[in-house]
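In what follows, a single structure is set out as C-alpha cells and then discussed.
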Amino acid sequence: MSSRMAGATLLRHLGPRLFAAEPVYSGLAASARGVMPAAARIFPARMASTSSAGADVKEGAAEKLPEPAATAAAAATDPQNKKAVVSYWGIQPPKLVKEDGTEWKWLSFRPWDTYTSDTSIDVTKHHEPKGLPDKLAYWTVRSLAVPRDLFFQRRHASHALLLETVAGVPGMVGGMLLHLRSLRRFEQSGGWIRALLEEAENERMHLMTFLEVMQPRWWERALVLAAQGVFFNAYFVGYLVSPKFAHRFVGYLEEEAVSSYTEYLKDLEAGKIENTPAPAIAIDYWRLPADATLKDVVTVIRADEAHHRDLNHFASDIQQQGMKLKDTPAPIGYH
C-alpha cells in the first residue's frame, strides 16, 4: 500500500514533465529559478547589459565606417541595391553610342571590336598537300565532308549553325595551350595567343549571327553537343601531339567552310533561299549598310573563313620549316 502511494506521488510529480507538450528543460528552468542564488540571478541581467553595450558600440562603429564600406553594408542588407555594389567596387559599365548617336545595345562586343571585312580576299586558294601529315589532314577533312553533305544537303543555315559551333573550337584550344606554354616556359608567344583567340571569338560571332536567322531544333542542339564534345577533346590531343598537323587540319577545314558558304551564296543568288534583311547584330559587327541583306552577311562570313584558312596554313608552314610560332609575329587583327 505504501509503495502504491509512493508510486502515485512520483507519477504526479514527474507526469507533467514526461508527457507535457512543453520541453522538459523549460520546466526544469522554471524550477531552478526558484532555487537560483541571488548572485546567479543577477548574471543574466549582466549579460543582457553587456549585449546592449556591445550593440551600442557596433552602432557607433557603423556610423564611423568609411563611405564605401557603409555602402557595401547597405548593399548586403538590401539585395535590390544593385547600384551600391557597383559603386563600391568602382566598376561602372560605360554608356556607349554609335556614330549616329544611338545607344550601343550589344554587350558581347563593343564598337572597337567591329570592323569592315576584306571581301577582296581570294576565296579559291587551296594548299596542295605535301607529305604524309598534310595528306592525312586533307583526307580527314574530306572524309568528314561526305556525311555532312548527305545530312544537311541544301539546308545551309542548319549547316552553318553546326559548322560555327565546331569552327570556334580550334582557336580557343590553340590559344589556351599556347597561353599555358607561355606561362610554363616563361616565354613570349609572338602574339599567337591573341591571334587564335580572335579567331575563336570571330567564329562565335558567326554563330550569334546565324541564331538571328534561324533557331536550332532539339535534335540539332543534341548533334552540336555531341560534335563539340568529341571535336574539342580530339583537337586538344592533336594539338598537344603535333601543332603543325593541327593547324594544317584547320586550314583545310576552313577551305571546306569557304566552299560551303560559296554554295550558300549561289542558292541566294538563284532565289532558292529568300534574301532576307541582315540581322542587326551583323550590321553593327561588320559595319554593313543599314539596307544590307543575308547575302551580304554570308559574303563577309565567307571572307572571314578565308582569312582563318590563311592564318592556319601560315602557322603550319612556319612549323613545317623548322621555326617556332613565338619567333614569327602573328597576324593580329587579320580580317
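Using the three backbone atoms N, Cα and C, a Cβ is placed for every residue, glycine included.
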Among Glu201, Glu203, Glu212, Glu220, the candidate listed by Swiss-Prot alongside Glu254, Glu305, His308 for Fe cation 2 is Glu203
From candidates Glu164, Glu255, Glu256, Glu263, Swiss-Prot puts in the same Fe cation 1 site as Glu203, His206, Glu305 the residue Glu164
Taking only the CA atoms, the spacing between Glu203 (Fe cation 1 binding site) and His308 (Fe cation 2 binding site), expressed in whole angstrom, is 9
Whole-Å Cα distance, Glu164 (Fe cation 1 binding site) to Glu254 (Fe cation 2 binding site), is 11
Note on Fe cation 2: the CB centroid of Glu203, Glu254, Glu305, His308 has further same-chain residues inside 8 Å, namely Ala167, Glu199, Asn202, Val250, Leu253, Ala257, Val258, Asp304, Ala306, His307, Arg309
Whole-number Å distance separating the Cα atoms of Glu305 (Fe cation 1 binding site) and Glu254 (Fe cation 2 binding site) is 6
Rounding to whole Å, the Cα atoms of His206 (Fe cation 1 binding site) and His308 (Fe cation 2 binding site) are apart by 13
Other than Glu164, Glu203, His206, Glu305, the chain contributes near Fe cation 1 (Cβ within 8 Å of their centroid) the residues Ala160, Leu163, Ala167, Gly168, Asn202, Arg204, Met205, Leu207, Ala257, Ile301, Asp304, His308
